[in-house]
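Dumping what TrEMBL says about this protein:
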{"type": "ACT_SITE", "residues": "B:172", "note": "active site, proton donor/acceptor"}
{"type": "BINDING", "residues": "B:20, B:23, B:113", "note": "Zn(2+) binding site"}
{"type": "BINDING", "residues": "B:61, B:172, B:290", "note": "N-acetyl-L-aspartate binding site"}
{"type": "BINDING", "residues": "B:68, B:69, B:158, B:159, B:160, B:161, B:162", "note": "substrate binding site"}
{"type": "DOMAIN", "residues": "B:11-198", "note": "domain 'Succinylglutamate desuccinylase/Aspartoacylase catalytic'"}
{"type": "DOMAIN", "residues": "B:213-302", "note": "domain 'AstE/AspA barrel-sandwich hybrid'"}
């Protein structure tokens, strides 16, 4: 779907829940669709799948390693099934990869996630040039009030499960504690999935999506907690920052408070280049699973992206 | 400290953090007191201790089993160190039991916990006859606004760490996702601990605590989630109940919504005796660690308890 490519009818959608085994809203939605009336679309085949069953059974992010970092051609191909002691998630990633990667039609992946951060509805796309996915995000976004739904660009692939199809979006909803299911978050994630399918039906039916500008946030810098000489955290997210994902920060913004009570500003821990200093927005503030990744929050840079017209077989 | 007993000067306080290894505010407070200026009292010795170091290292509730169910004389004594494959938490409970249980002075345990439920500050005492602990709770409670701090009676011992001293309170603070540290929850728990020590100093210095009545909530019934034939949850806490710990419910209150969208009332799942029907209050609504215990929330019964006068050596 690059800007010079054809955009064909989407024939297949795979919805993954439980890529992380303790993020319950995607898991319970997939279980709902598998056990009751299935998730359906008028114009394409829809499959709901549990991505990491063993982690789901344990109600942990993963059993051996984060499956959402294993989906790269290099990693998938360098291991063989004969290898001893292959981490469970590598085996499962290989399995999913071989199951899905040779599809000749147009397939879309929806990957359902939760976070303890107050992101509300966050739609994740890898590249700012994936105009098809960004049109889909914009369509979803328009069904929510201002500042409720944001579009996050990763800037690069992390080897996530969306890699097994040409296109996909991560649907990240929070705040929800891991291991907890909240009805409000469940409903929000279901609404986002259904809007995604509604968009695909409109696209498949020939609807025109006009050129437009969208606001995006691109991850550019990880910020870690204050730590002691043993690597233990020695401070916490400042009350000024807690729950304030997607709100602008400057160098003088308080971002941490040490256990002893000292405030830490953003410029104490990160050098922000002058040219983007008014465009810096934190996201994934105080996400539980990122403590072990030495990550207290991501800094993103706000930018406008111009989308070309989108219509079946037309994107220019 | 039964109503006919002497109440002696309190000489020793042990503050446990990390009884559950993913409840970060107690863990980080204890680490703060161990690495920086220690927690102190003017009138008694104070020790801050990490209760379950291996679970803390893993950032999980426990390694092998819940340590806060192991502290009973029966369980502690029936196992010997020579036994193979003794669960880590049983070994650690034995260790703490032998370290603390033969103290001849008056010792108080403060056991610090977090929950994903919206309990705000919840002070947990085993029995309604532990007037000393309840006077301490009332003292703490008076420093918060109405409906912010509640007193929960377990009614029976669960074999928790408070068992190793004659008296203790659980200081449960939420909502906080497990594996996350929030500054507001950290501050609230620190304030509750410091108020506990302030109470003990006043008591040790001879202050009089007058007879009074306090409002308590006694756990009487566990309520489980709706489940399918395989034991998987098939519904979630209703939006009417989510975040509404300590708010009265009746038989017609909506408590669950199934994944298919059907509402479930309290009387659909529990028979409430007529004589307490206006006194029923849910607590620990949607606590993450209780999913595996088949527990969606506790029902408690609200009751007033009359406390006798309390003064050094006087309780009658």
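Each position is counted from 1, following the chain as shown.
From the backbone N, Cα and C atoms, a Cβ is placed for every residue, glycine too.
TrEMBL labels come from automatic prediction, so no person has curated them.
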Checking the binding-site residues B:61, B:158, B:160, B:290, which are within 10 Å of residue B:23 (Zn(2+) binding site) at the Cα level?
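So far as Cα distances go, the binding-site residues lying within 10 Å of residue B:23 (Zn(2+) binding site) are B:61.
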Sort the residues of the domain 'AstE/AspA barrel-sandwich hybrid' (B:213-302) into helix, strand and coil with DSSP and give the three counts.
13 helix, 34 strand, 43 coil
Of the recorded positions B:20, B:61, B:113, B:172, B:290, which one sits closest to residue B:68 (substrate binding site) when you measure Cα to Cα?
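Of the recorded positions B:20, B:61, B:113, B:172, B:290, B:20 has its Cα closest to that of residue B:68 (substrate binding site).
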Rounded to a whole number, how many Å is the Cα of residue B:158 (substrate binding site) away from the Cα of residue B:20 (Zn(2+) binding site)?
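Pair distance, Cα basis, whole Å: 15 Å.
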Whole-number answer please: how many Å between the C-alpha atoms of residue B:162 (substrate binding site) and residue B:61 (N-acetyl-L-aspartate binding site)?
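For residue B:162 (substrate binding site) versus residue B:61 (N-acetyl-L-aspartate binding site), the Cα atoms are 17 Å apart.
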Taking residue B:61 (N-acetyl-L-aspartate binding site) as the reference, which of B:20, B:69, B:113, B:159, B:172 (the recorded positions) have a CA within 10 A of its CA?
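For residue B:61 (N-acetyl-L-aspartate binding site), the recorded positions whose Cα atoms are within 10 Å come to B:20.
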At a 10 Å cut-off from the C-beta of residue B:290 (N-acetyl-L-aspartate binding site), count the other C-beta atoms across all protein chains.
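Total other Cβ atoms inside 10 Å, all chains included: 22.
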Name the secondary structure element type, per DSSP in three states, that contains residue B:23 (Zn(2+) binding site).
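In the DSSP reduction, residue B:23 (Zn(2+) binding site) maps to coil.
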Given a 10 Å Cβ-Cβ cut-off, pick out the one of the binding-site residues B:69, B:113 that has the most other Cβ atoms nearby.
B:113
Out of the binding-site residues listed (B:20, B:113, B:159), which are within 10 Å of residue B:172 (active site, proton donor/acceptor), Cα to Cα?
B:113
For residue B:68 (substrate binding site), what is the secondary structure state per DSSP, taken as helix, strand or coil?
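In the DSSP reduction, residue B:68 (substrate binding site) maps to helix.
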For the recorded Zn(2+) site, enumerate neighbouring residues of the same chain (Cβ within 8 Å of the Cβ centroid of B:20, B:23, B:113, site residues themselves excluded), in sequence order.
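Other same-chain residues with Cβ inside the cutoff are B:18, B:19, B:22, B:26, B:61, B:112, B:114, B:115, B:172, B:178.
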